[in-house]
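Taken from TrEMBL as is:
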type	residues	note
ACT_SITE	Asp31	active site, proton acceptor
ACT_SITE	His59	active site, proton donor
ACT_SITE	Lys162	active site
BINDING	30-36, 58-60, Arg325, 351-353, 433-436	GTP binding site
BINDING	Asp31, Glu32, Gly33, Lys34, Asn56, Ala57, Gly58, His59, Thr151, Arg165, Asn244, Thr259, Arg323	IMP binding site
BINDING	Asp31, Gly58	Mg(2+) binding site
BINDING	Asp31, Val319, Thr320, Thr321, Gly322, Arg323, Lys324, Arg325	substrate binding site
Amino acid sequence: MPINACSAGQKRARNDAGNKVTVVLGAQWGDEGKGKVVDLLATEADVICRCQGGNNAGHTVVVDGKEYDFHLLPSGIINTKSISLIGNGVVIHLPGLFEEGDKNEKKGLKGWEKRLIVSDRAHLVFDFHQVVDGLQETERQAQEGKNIGTTKKGIGPAYSSKASRIGLRVCDLLGDFNDFSTRFKNLVHNYQSMYPSLAVDVDDQLKKLKDFAERLRPMVRDGVYYMYEALHGPPKKILVEGANAALLDIDFGTYPFVTSSNCTVGGVCTGLGIPPLNIGDVFGVSKAYTTRVGIGAFPTEQLNAVGELLQTRGHEVGVTTGRKRRCGWLDLVILRYAHMINGFTAIALTKLDILDVLDEIKVGVAYKLNGRRIPHFPANMDVLHKVEVEYETFPGWKTDTSAARKWNDLPAKAQNYIRFIENHIGVPIKWVGVGKSRECMIQMF
């Protein structure tokens, strides 16, 4: 048989990779305004995906003066012409999912259940996972005098169950319910042996889960097959919405003060079942300053009037937890580090307008240890707590930028600030945000 007759066995040409996905990722500690960038891109997208995390994420999107809050649903669910997909890497709390959908429906979000697809391989977060999350935080506080500052949404315990091979997935819930019930009871028992104070009304939980299963059933698909078809069918715009951020990544973040999933670009491949070859643009989102929720090292934090001003002017309060966010100057060491891992093709710089009133603005450009610059971002948290930040200082523009809609509308001093950031990280800035709504994102190219 001639070799060329065996076409099926031939290596597919690299350029025949299929459609590319556009990825939006947080480049700091979360809360950078990813929802806003996703929302901009979602108006054109055919498929919008979540690939990791759970309802510990919080994205606020403002459309036609209405504010929608999303935690588990991709924020692209607003777009009635697109499909939203919750991938296998996401952990799903079903009561939370339906409560969120119903709450947003009351605000005017119509037909979301018909536009949502849920991967059958996604793991489930149960109510007891959330209780355990709280118990673990209390335990950490008692033992070490400090906790992680989790959202208590059960995300960590659910990923622990998954890694321990005792977790339950969407496909298990939709399979033989007797088998599911047995495994659910075993899982509860497993946690009760670790946390004797954990009380679970198993029968009540199973009854609720059985009802959720029927409401969920029409949305469930084989996510791998669905993504493959989307990538290799007719041209489609596919968007992936990252939750959390680079510095909260389980591998690359400020461990242990991190989330329990990979919120860097690798999580897109494993959380949706798509090859690296199909990753197109990777957009990093960063504020024009830095914020962090919960505890953990934060080198450029300003525990002074500047920090307070950023907190109040920026309304820096967590969407998911309602906690005040800690604030500080922009840290380019962090952004460079996030870029090393994610390979950003462009950056969205948000909330520039919050800096409008400052006389001078500082940017962290390097870390020093014992007076010497260190070339990398430290893995060890004790080291990160000890670093001294080297700053570059810029004069403030002292002008209201919130009405700016194009690059030339921005004051020269603000333009200098943006160009400096761009040159320092070596990534072009594609958007500059100067306010809450869609119109306030200045597109540069």
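Every residue, even glycine, has its Cβ placed from backbone N, Cα and C.
TrEMBL annotations: computationally assigned, not manually curated.
Cβ packing within 10 Å was compared across the binding-site residues Gly30, Gly33, Gly58, and the lowest neighbour count falls to Gly58. Rounded to a whole value, the Cα-Cα separation of Arg325 (substrate binding site) and Lys162 (active site) is 30 Å. Close to Lys36 (GTP binding site), meaning Cα to Cα within 10 A, are the following recorded positions out of Gly58, His59, Thr151, Lys162, Lys324: His59. When the recorded positions Gly30, Lys162, Thr321, Lys324, Val434 are screened for a Cα within 10 A of the Cα of Asn56 (IMP binding site), the ones that qualify are Thr321. Of the candidate recorded positions, Gly30, Asp31, Gly33, Thr151, Leu352, the one lying closest to Gly322 (substrate binding site) when CA atoms are compared is Thr151. Closest in space to Thr321 (substrate binding site), of the recorded positions given as Gly30, Gly58, His59, Thr60, Val434, is Gly58, taking the CA atom of each residue. Local packing around the Cβ, expressed as the count of other Cβ atoms within 10 angstroms, is greatest for Asn244 among the binding-site residues Thr60, Asn244, Thr321. Nearest neighbour of Gly33 (GTP binding site) by Cα distance, taken over the recorded positions Gly58, His59, Asn244, Arg323, Lys324: His59.
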